[in-house]
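Record features, source TrEMBL:
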COMPBIAS  1-12  compositional bias 'Polar residues'
REGION    1-43  region 'Disordered'
COMPBIAS  22-32  compositional bias 'Low complexity'
COMPBIAS  33-43  compositional bias 'Basic and acidic residues'
TRANSMEM  48-69  transmembrane segment
TRANSMEM  81-99  transmembrane segment
TRANSMEM  133-160  transmembrane segment
TRANSMEM  181-205  transmembrane segment
TRANSMEM  217-239  transmembrane segment
Amino acid sequence: MESTGNFTLASRSRQHLPANPPSEMSSPSMSPMDKKKESSKDKRKEPFVMITAIIVLFESRFFIVCEFRGKHYWSMIRRKWIVSLYMTVILYVLPFKYLCPDQEPAKQRVFQRLPCLPSYIYNAPILVLVEDITYHLTVIIVWLLICFSGLIALLVYIYWNTAKLLKNHRMSPQTYQIHRIFMSALVIQLVIPFCTIIGPAITVLSSIITNYYNQGMINFAILSITLHGSVTTIAMLAVHKPYQLAIKEMFRNFSLQSTEVSRREMYANHVVRMQSATQ
């Protein structure tokens, strides 16, 4: 279905979902629309914070493994650099709060630009996040370019420095193997957000830029983003052996504690029966 007019970004709930989810009914002082706005603001921060956290993760590995001139000076300012990254994210996202338009006029304009919609959409509670996507698109593109260039530079330098240390016999083959396995696991864990978040986000942005409306595509993108947490957790347990060992140890300790409690109960019951028999 094609849509006409300027760019519009709107979120809506499906027909079979309740208008007020249970989690939103706990605070009667805030209207459902205000709660939707607050929830949307928090969700808009998540991709920026996630990408920043990935950069900080690789920088930590870079700082531990790599040897370079000025490492002493970098160790003194790296904490300030990390804080500045997160502060930049906050400053980028903060204007989103003030770009949310008045809902009633905005919804009317949305319905005019997206004709031939199913009837239940007109009756569903809709939150129009933004009508002019220029600022949002600019922020997303600039931040993605900065993060991608930083990640590529860190990865290239880490692998180059590791190979140099191995060639100069300053790193043993066993240490190199351990480091290679860990870096491969990190790269695998890094690919997952791009498949579950960045890819669907680019698809949605492309549909907005080209004025193409496809509800099935949008639903699939939202489903993929929603599953990101579960997929990341499973992948982390699958690719990092220390996490696997920790999980196995937790289950083993739980099993041993359960066995010990059962033995104590059996012993206590046996003592009670012996005392009853002697009496």
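Quick reminder: no glycine exception, Cβ is built from N, Cα and C everywhere.
The structure displayed is predicted, hence computed values, not measured ones.
Below 8 angstroms of C-beta separation, residues 47, 50-51, 54, 57-58, 61, 133, 137, 140, 144, 151, 155, 158-159, 217-218, 220-222, 224-225, 227-228, 231-232, 235-236, 239-240 of the same chain, each at least six residues beyond the ends of the transmembrane segment (181-205), sit close to that stretch. Sequence-distant contacts of the transmembrane segment (81-99) (same chain, at least 6 residues past either end, Cβ-Cβ under 8 Å): 41, 44-45, 48-49, 52, 55-56, 59, 130, 132, 135-136, 139, 143. For the transmembrane segment (217-239), the residues of the chain that approach it from at least six positions outside its boundaries are 184-185, 188-189, 192-193, 195-197, 199-201, 203-204, 207, 247, judged by C-beta separation under 8 angstroms.
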